[in-house]
Structure formats: C-alpha cells, structure tokens
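Per Swiss-Prot, these features apply:
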- 23: active site (ACT_SITE)
- 35: active site (ACT_SITE)
- 113: active site, acyl-thioester intermediate (ACT_SITE)
- 13-129: domain 'LRAT' (DOMAIN)
- 1-133: topological domain 'Cytoplasmic' (TOPO_DOM)
- 155-162: topological domain 'Lumenal' (TOPO_DOM)
- 134-154: transmembrane segment (TRANSMEM)
C-alpha cells in the first residue's frame, strides 16, 4: 500500500511529475505554490515541454497547487535539506511573493523552474535534472564512440582476413 502524500508546509519544494520532465514549485500556504511558468506551463499541465526549450522568458506565478499539478502526480521533495540549510521560512516566502508577476530570464540548462525553487529555499540555484541529463548525454556519447571503435576494428579485421 502506498504511503499517503504528506501535506505540504510553507517553504516545501513540490516536484510535479510531467510526462517528459519534472516541474518544480514552492509551497507558500493555503493550497498555493509559486513557480516559474515558461510557455509549456502557461499552456496547462502536461503541455509539451519542448516549448520550454524555445523561450528565454518565464513569468513567476502564484497558483493553486491543484491547478498547477493538474492530473499529474506530485510530492514534497526537500531533497537538499541535508546538504544545504534552508533559509528562514519568512525569507523564503517573502522572496517568492516579491517575484510574483515578474517576467524573468528562463534557460532550460541554467535558469529553470528547479533552479528557481532551490534558490528560494536554499539560496543555491541548482537543477539535478540538468546535471543528470548532461551525464546521460556524456555516457551515451562515450557509448556511441565505443561502438564506432568496435565497428572500425571489426571492419579492419574482416578486410585483413580477405
């Protein structure tokens, strides 16, 4: 049996499981979250994430968590609490609220929704999704290079036998 989803508390990071990526928001109380809304998030939950890669601006929005999540599952995920000390709750909420309505720079690789919420909670902008994607691309590149090398060696070996 699945454990119940813990009720978010103000300052908690909320991880929302979109079909192709994870969207992040920060819970500010009374059912509301503040999050970066690039075009893929403005269009509604589950919209194609490719739109996020094609823009350099996002709007900071305050919306009900149930509307932001839509039909997608979500969880409280303060995953860096052991590595970083969260900022005081009043500072987290104040900083988040002050940004609502502002248009901010958005870059999928360096200034995305995960960077945004980690900066609010810990004062450290970081995205594990980006780091993991870069690792995966690197590993795939090494794998492709190794396959290419094996192909060249097999081809040479076959020519030598002829």
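Cβ atoms here come from the backbone N, Cα and C positions, even for glycine.
Just so it is clear, the model here is predicted, and its values are computed rather than measured.
A distance of 9 Å separates the Cα atom of residue 23 (active site) from that of residue 35 (active site). On the backbone, the CA of residue 113 (active site, acyl-thioester intermediate) and the CA of residue 35 (active site) stand 7 Å apart.
The residue listed as 'active site, acyl-thioester intermediate': 25 other CB atoms within 10 A of its CB, across all protein chains.
It is 23 that, of the active-site residues 23, 35, has its Cβ surrounded by the most other Cβ atoms within 10 Å. With DSSP classes pooled into helix, strand and coil, the tally for the topological domain 'Cytoplasmic' (1-133) is 40 helix, 35 strand, 58 coil. In the predicted model, the topological domain 'Cytoplasmic' (1-133) has a mean pLDDT of 86.
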